[in-house]
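Among the features that Swiss-Prot reports, Mn(2+) 1 binding site is placed at Asp119, Cys122, His227. Residues or ranges marked as Mn(2+) 2 binding site in Swiss-Prot (evidence: sequence analysis): Cys122, His259, His353. Swiss-Prot lists His428 with the feature active site, GMP-histidine intermediate. Residues annotated as SUMO2 cross-link in Swiss-Prot, with similarity to another entry given as evidence: Lys496.
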Amino acid sequence: MSRNYNDELQFLEKISKNCWRIKKGFVPNMQVEGVFYVNDALEKLMFEELRNACRGGGVGGFLPAMKQIGNVAALPGIVHRSIGLPDVHSGYGFAIGNMAAFDMNDSEAVVSPGGVGFDINCGVRLLRTNLDESDVQPVKEQLAQAMFDHIPVGVGSKGVIPMNAKDLEEALEMGVDWSLREGYAWAEDKEHCEEYGRMLQADPNKVSARAKKRGLPQLGTLGAGNHYAEIQVVDEIFNEYAAKKMGIDHKGQVCVMIHSGSRGLGHQVATDALVAMEKAMKRDKIIVNDRQLACARIASPEGQDYLKGMAAAGNYAWVNRSSMTFLTRQAFAKVFNTTPDDLDLHVIYDVSHNIAKVEQHVVDGKERTLLVHRKGSTRAFPPHHPLIAVDYQLTGQPVLIGGTMGTCSYVLTGTEQGMTETFGTTCHGAGRALSRAKSRRNLDFQDVLDKLADMGIAIRVASPKLVMEEAPESYKNVTDVVNTCHDAGISKKAIKLRPIAVIKG
């Protein structure tokens with residue numbers, strides 16, 4: 001017997017200006033409560049989605065995000081609560097922007113590939129330069145073209161960095177250390193990556209031959225979809241101290257943002273794991289509310305195989321972003337006829353938006369070892385956390401939030417409050433408001449390109465037909481998302497960036 005919209009509302013309670021609680025009973029078998037963070041505009045979108053679902057209008061075959069947050073709260077071994085961040089929108093199994101942590105010492109606790117996503121370690125890297133907007137404007141088109149020429153982009157794009165099967169095995173195991181050894185990265189790049197750009201539990205043997213075959217030609221490529229490289233300028237500085245630590249000292253300073261993941265390799269790792277886990281669930285009698293939430297006990301062979309394969313795909317994504325950093329440095333050096341070093345093209349930080357990691361957190365006054373699933377959400381550790389780079393010990397971890405094409409992006413910093421409320425996690429971007437198919441129906445790609453040109457943004461796109469899917473209209477407002485996190489105290493704004501050129505798959 002399905003409930004109507006008003007019945008559903010009985011289970012939802014506003015607990016603060018920016019936070020709602022999802023009470024047990026909203027979906028069956030909830031082990032813990034759910035919460036989601038919103039402001040007024042985002043709240044309206046969340047409730048509209050629920051209302052439509054009650055009328056029988058599903059979201060492209062996915063449950064509404066609120067229901068998905070509830071279903072995650074019903075997974076075995078979950079602790080504290082299932083958390084939806086302001087950019088949450090429905091996805092495969094877990095909503096994108098839903099994070100959850102599972103107790104490693106609970107033998108029932110599970111790992112779920114749907115809680116990481118298909119694009120494993122999809123993430124963002126930000127580079128700074130010592131250039132000013134006035135240096136770049138006259139050569140903006142040239143620079144966009146140079147980046148487009150250097151970085152292979154698009155759906156089936158192939159890498160320019162030479163790589164054979166043995167190289168791939170090593171890259172899967174070593175992450176950024178491989179890039180460093182091969183001369184595609186600077187030593188200090190590594191310091192400024194989450195996990196130092198290498199997940200140690202990676203095992204290339206847990207990545208199938210099919211996944212490797214998909215991954216081999218794609219290294220150092222941008223891919224299509226919401227992946228992009230953007231030349232940006234600093235538009236606003238909210239926290240001068242944090243900005244200085246990141247090497248940002250004035251408005252108009254030029255940066256480059258690279259947004260990419262593990263391409264076909266990560267997708268295949270996830271697909272392979274879901275197949276293996278369906279069988280494991282039958283064997284271990286694991287019941288879930290939604291079959292997209294296929295999972296396995298963390299300690300089971302399937303659970304361990306997935307975590308080792310996921311870590312390898314994560315390393316692949318870090319190598320991928322390192323390769324694109326190398327190509328970006330070359331493109332800039334060529335246009336400005338100098339060296340990347342002289343342009344001060346340093347990595348500010350590199351974060352992952354889709355990953356599961358073992359971390360220590362205090363829950364109900366006790367330190368516990370948890371497997372933290374972050375899907376469409378970003379680690380945001382506070383000042384003095386042992387896992388963040390020395391340079392950022394006093395500011396908290398930099399958190400990179402990519403806006404959508406042609407809108408602004410942000411750099412935030414992690415907070416102590418986020419550590420207690422959300423396991424040191426905050427939003428990751430704008431979050432879709434329209435499905436990809438709807439975006440294609442409602443928007444014309446030429447309009448989208450014209451609009452960017454009107455805003456003075458140089459654009460290079462490999463597949464123009466895919467542009468509508470990524471048009472700003474398809475997304476929630478990134479400023480709403482970032483401000484909600486800021487007001488809720490789970491991360492703080494440091495820098496706002498606006499694009500002047502965008503390169504896209």
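The backbone N, Cα and C atoms fix where each Cβ goes, glycine too.
The distance from the Cα of His428 (active site, GMP-histidine intermediate) to the Cα of His353 (Mn(2+) 2 binding site) comes to 6 Å. Within 10 Å of the C-beta atom of His353 (Mn(2+) 2 binding site) sit 26 other C-beta atoms, taking all shown protein chains into account.
Among the binding-site residues listed (Asp119, Cys122, His227), Cys122 has its Cα nearest to the Cα of His353 (Mn(2+) 2 binding site).
Sequence-distant contacts of Asp119 (Mn(2+) 1 binding site), defined by Cβ-Cβ distance under 8 angstroms and a gap of at least six in the same chain, are Gly261, Ser262, Arg263, Gly266, His267, Asn354. Comparing His227 (Mn(2+) 1 binding site) with His259 (Mn(2+) 2 binding site), their Cα atoms are 5 Å apart once rounded. Reported as a whole number, the C-alpha separation between His259 (Mn(2+) 2 binding site) and Cys122 (Mn(2+) 1 binding site) equals 7 Å.
Taking only the Cα positions, the spacing between Lys496 (SUMO2 cross-link) and Cys122 (Mn(2+) 1 binding site) is 21 angstrom. Counting other Cβ atoms within 10 Å of each Cβ, the recorded positions His259, Lys496 show the lowest value at Lys496. Within the same chain, residues at least six positions away from Cys122 (Mn(2+) 1 binding site) with a Cβ under 8 Å of its Cβ are His227, His259, Ser260, Gly261, Ser262, Gly266, Ala317, Ser352, His353, Asn354. Counting other C-beta atoms within 10 Å of each candidate's C-beta, the recorded positions His227, His428 are led by His428.
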